[in-house]
Amino acid sequence: MSEKQPIPDSDPAETKLSRQDAWIVDAAEVIYGDRIGIAERFVEHLVTTGIEWGLLGPREIPIMWERHVLNCAVVHELIPKGALVADVGSGAGLPGIALAIARPDVQFVLIEPLERRVDWLDLVIEDLELENVDVVRGRSEQVFDTVDVDIVTARAVSAMKSLVPMTVPLLHGQGQLLAIKGRSAATEIEKADKVLRKFKTKNSEVLTVGDELLEVPTTVARLTYGS
Ligand SMILES: C[S@@+](CC[C@H](N)C(=O)[O-])C[C@H]1O[C@@H](n2cnc3c(N)ncnc32)[C@H](O)[C@@H]1O
């Protein structure tokens with residue numbers, strides 16, 4: 001009989017930034033600067049209302065900063081100043097809200113089909129007083145005609161092969177898809193070769209970001225379109 005895994009400590013109070021390892025505090029301060037209080041409030045939502053509303057499981061609580069918020073937030077390094085960004089399949093605002101807090105100069109639209117998730121995103125955006133984030137309820141395919149952005153982000157939405165048709169039309173021929181991926185990034189790109197050609201992908205690469213800030217840097221598959 002296989003042994004059950006122990007359930008990790010999931011006390012929301014443990015997610016306060018002051019209780020995190022020094023490297024997490026340092027990384028959060030570098031990324032968020034004087035907006036650190038907003039990031040802390042976002043984490044507070046994730047570990048309370050986010051869990052209560054069923055957007056995340058309690059097992060995520062102890063790893064909320066490193067595996068979720070900071071892992072997403074470091075991707076801001078790849079977003080140019082003043083860009084328009086769509087986050088497809090935003091779920092609990094990952095990476096969309098984690099990025100929007102770090103980058104008030106960038107306008108974000110979070111595209112999410114599920115009503116409960118959209119209601120939660122609206123609640124959090126209002127509470128955090130984020131003026132650079134809009135939420136659109138729907139599948140990305142339903143908003144191809146109305147959303148036109150410079151960058152599309154996505155995490156844990158789909159494998160590259162199906163993610164490309166679901167996201168790239170939002171760029172209308174010009175811009176980049178930044179897909180947060182795990183170790184499978186290069187293999188996924190290889191498997192999507194036919195789709196990448198169909199969508200006239202100019203360049204595809206696998207990058208790591210946050211190497212100097214995070215214990216485990218974030219892997220991003222970046223696809224480029226247009227000139
Ligand atoms: C596994 S969750 C990931 C959520 C979040 N990105 C994260 O990393 O925690 C996948 C999300 O994609 C959304 N989704 C699935 N298909 C979609 C589509 N066609 N357009 C937009 N969102 C979609 C789901 O509703 C869900 O919220």
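A Cβ is built for glycine as well, from the same backbone N, Cα and C atoms used for every other residue.
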Based on TrEMBL, name the residue from ARG103, ARG155 that is recorded for the same S-adenosyl-L-methionine site as GLY89, LEU94, SER140, GLU141.
ARG155
If you measure every Cα to Cα distance among GLY89, LEU94, SER140, GLU141, ARG155, the residues said to bind S-adenosyl-L-methionine, what is the biggest one in Å?
19
Return the single residue from the binding-site residues list (GLY89, LEU94, GLU141) that has the minimum number of other CB atoms within 10 Å.
GLU141
Taking DSSP three-state, what's LEU94 (S-adenosyl-L-methionine binding site) in: helix, strand or coil?
coil
Residues with Cβ closer than 8 Å to the Cβ of ARG155 (S-adenosyl-L-methionine binding site), same chain and 6+ apart in sequence?
CYS72, GLY89, LEU94, PRO95, ALA179, ILE180
According to DSSP, collapsed to three classes, what secondary structure does ARG155 (S-adenosyl-L-methionine binding site) have?
strand
